[in-house]
Structure formats: C-alpha cells, structure tokens
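Chemist: I have a structure here, written as structure tokens, and I will follow up with some questions on it.
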Amino acid sequence: MPLPPLVHPVDALSDDERARTQRHAALRGFGEAGQRHLAAAHVAIIGAGGLGSPAVLALCAAGVGTLTVIDDDDVDLTNLQRQVLHRLGDVGAPKVDSAVRAAADLSPETRVVAVHERLDAANAVALLADADLVLDGSDTFATRTIVAAECERRGIPLVWGVVQEFHAQVTVFWSAPPQGREPVVLADLHPTDRVGQTPSCADVGVLGALTLQVGSVMAVEAIKLIAGIGEPLLGRVLVIDALQGRFTEVPLHPTSESTTESSTADPAARDGRDGSAHPHPVSPSASTSSIAGTGGAPAIAHVTAAEMLAAKDEENAVLLDVREPWETQSGVVADSVLIPLGDFLADPAQLDADGPVVVICAHGMRAQQAAEVLHARGVDARVLVGGLAAWT
C-alpha cells in the first residue's frame with residue numbers, strides 16, 4: 001500500500017519543466033501531480049561517489065526541486081570506473097562541483113546546494129536541517145551512523161544502500177513513518193555492538209556497474225516516497241548478488257531497543273508534511289527469515305580463527321561458508337559447509353545445525369548478513385571477523 005506523499009506539491013510547473021518531464025506525466029498513478037511533489041522536495045545526498053553519482057543524475061533528471069550534495073572529497077582517477085558524475089577533466093576538483101554541472105545540464109530548475117565538507121556530528125543538524133529525505137551513499141560506517149541518528153531524530157526517511165565487491169543491499173529506514181507502519185532504523189540492520197571492520201572498495205574492489213544499479217534503485221525509492229506511489233523498501237532489505245544475478249528480499253523488523261529509541265524522534269521536525277502522523281508503539285516481531293535480531297537477545301559474536309576452530313572442536317559448531325564456488329579456489333576451511341549467500345537467503349532452513357554456527361566469507365560482510373538471518377531464527381550465530389582475508 002503506498003504511503004502518503006512526503007511533501008506538499010508546488011502549485012504549478014513551468015511550461016519548460018512540464019515539457020521536459022512529460023514521460024513522468026504519462027505514468028499511470030504518477031501524472032503531473034507526482035511531478036509537482038518532486039518539484040517541491042528537498043533531498044540531501046551524502047556522498048557524490050559510486051552511489052551518490054547515479055542518484056544525483058537520476059534525481060536531477062526526475063525534476064527534484066532541491067538537492068543538497070555533501071562530499072568533502074576531490075575527484076581521483078580511480079573514481080571514474082564507477083562514479084559517473086565525473087569526467088577526466090574533473091580529476092582534482094571537488095566532487096560536488098560535478099553535481100552542480102550535472103543539474104545545469106539535465107534540469108535547470110533543480111537547485112543544487114554543493115557542500116564541500118565532510119558531514120560529522122558537529123554539522124549534521126545544520127546540513128540536514130531542510131531536507132525532506134536523505135539518501136546515504138557515504139563510504140564509512142561512522143558517517144552512516146551520524147546520518148542515521150539525525151534522520152531518526154527528525155523523523156525523516158533515510159534511503160540507504162551499500163555495495164561491496166559483487167554484492168549490495170538497499171533499504172529504507174524511517175523512525176517515524178505514517179500510522180500503521182513499523183519504524184525501522186539502522187540499528188535494526190546493523191546494531192552498533194555487532195559492527196566489525198569492513199574493508200573498503202580499495203581493498204576488495206567493487207563492480208562499477210553495480211554501483212550504478214544500486215544508486216538508481218535508491219533514487220527510485222526516493223521518488224516513490226516523495227510522490228507517494230508504490231511500496232517503498234521500508235521493512236524490507238533488497239539483497240543483490242550481481243555475480244549470480246540474484247535479487248533476494250529479506251524482511252527487517254524493529255528490535256525492542258531501536259523501537260524505544262525511535263520514539264524520541266522530534267515531532268516538530270515533520271510539521272506541515274503530508275503523512276506526518278506518528279506510529280503507535282509497535283511490538284517487535286521476527287519472521288523466520290528476518291535479519292532483525294530479537295529484542296534482548298545476545299549480540300552476534302565476531303570470533304577469531306582460533307576461536308572458530310575451538311568452537312568447531314569443542315562445541316561441534318557448524319562452519320558455514322557463504323562465498324561463491326569460484327572463490328573456494330583460493331582455499332577453504334576444512335569441514336566447512338558451502339552455501340552461497342544468495343542460496344542461503346532464499347532458503348535459510350537448508351542449513352542443518354543443532355548448535356552454534358560460525359559464518360565465513362571473504363571479508364566479513366556477507367557473513368554478517370547470513371549471521372543476522374540465523375540469529376533471528378534463534379541460532380547461536382557467530383562471524384569470522386575480517387573473513388578469510390584476515391586469516392590467510
């Protein structure tokens with residue numbers, strides 16, 4: 001069921017904008033009314049890199065009224081493999097300058113506020129003060145945590161995506177959604193006490209075309225929320241395995257702790273918006289394939305290689321390897337069970353385990369996803385910290 005539009009629409013479009021966006025007006029259920037909502041919206045995009053680049057292009061072309069693009073980085077030659085906002089001539093220049101140029105080329109009526117500084121705890125309130133929605137394409141978990149906290153405080157939606165190697169996740173967090181929807185926040189997907197060290201794309205690589213795909217999906221989610229069309233990825237995580245061509249959807253529910261924290265969202269921050277009603281208290285629930293933890297349950301442990309082997313010998317722990325078959329050419333852990341992540345998420349019950357499970361992947365990201373699913377099913381799930389790359 002679609003949510004109410006996020007913002008009140010502008011009174012009218014200019015003749016030029018109406019002509020430029022005619023294909024939107026022709027969309028059933030969207031029409032010129034949807035376009036007027038886009039023209040009224042203010043979206044903050046964190047990062048003008050792999051995810052922010054396609055999102056900036058898509059939202060400019062779509063006719064969003066105002067984009068605040070926040071990035072303190074300058075263009076590097078290695079960015080051009082995936083960051084499609086930038087050109088060879090931009091190397092050395094601020095990334096946000098490319099966003100300004102793109103808007104001028106695509107949508108002259110889109111106003112771009114370019115912020116060439118890093119978002120942090122000191123400036124987050126000011127930088128996101130006027131945003132109706134935030135799209136997070138930042139490259140560190142520290143920044144993502146700050147962004148999420150400010151969105152939770154204000155009660156505005158956060159479109160969130162992450163890409164590593166051939167894998168990606170996309171979802172929508174919203175601490176104060178319209179009545180009848182569960183509030184879901186970043187801590188429901190990545191509890192702060194369970195976050196390990198995540199390698200950068202410089203360390204492990206990233207498929208450039210996948211960042212375009214994910215950034216575009218994030219832009220679509222933003223458009224749906226702004227215009228009040230379709231079903232947003234709220235309470236659902238889209239998991240993409242580009243190498244195998246698999247798209248898996250995993251339910252995400254609030255934990256008791258995050259639900260309590262989210263209830264403190266600032267009501268005044270949402271005054272004057274359509275669909276600004278605050279939700280009634282929601283009891284945490286966990287489906288059999290949810291990646292939300294059960295409120296009050298112990299955190300997922302991140303174990304060393306020695307601890308993993310001890311768990312195998314002393315606790316009869318199952319070692320679950322969620323890499324792809326081709327990755328095993330570089331080595332495997334003896335007696336481990338190989339179930340690629342996409343296959344596992346599609347059917348978690350296929351793993352036969354009566355005791356603890358230690359999940360293994362190359363660097364830890366995929367193992368964390370699988371462990372969250374197991375944790376929600378009541379399994380004592382653990383993750384090999386840093387993955388096999390940290391062990392070998």
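Just so it is clear, glycine is given a Cβ too, placed from its N, Cα and C backbone atoms.
Automatic prediction, not curation, is the source of TrEMBL annotations.
TrEMBL lists 255-264, 278-293 with the feature compositional bias 'Low complexity'. The compositional bias 'Basic and acidic residues' annotation in TrEMBL covers 268-277. Sequence annotations record features per position, and here TrEMBL assigns domain 'Rhodanese' to 313-392. If you look up TrEMBL, you'll see 251-293 marked as region 'Disordered'.
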Chemist: Looking only at the domain 'Rhodanese' (313-392), what is the model's average confidence as pLDDT?
Modeler: 88
Chemist: Looking only at the domain 'Rhodanese' (313-392), what are its DSSP counts of helix, strand and coil residues?
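Modeler: Each residue of the domain 'Rhodanese' (313-392) counted once, the result is 35 helix, 14 strand, 31 coil.
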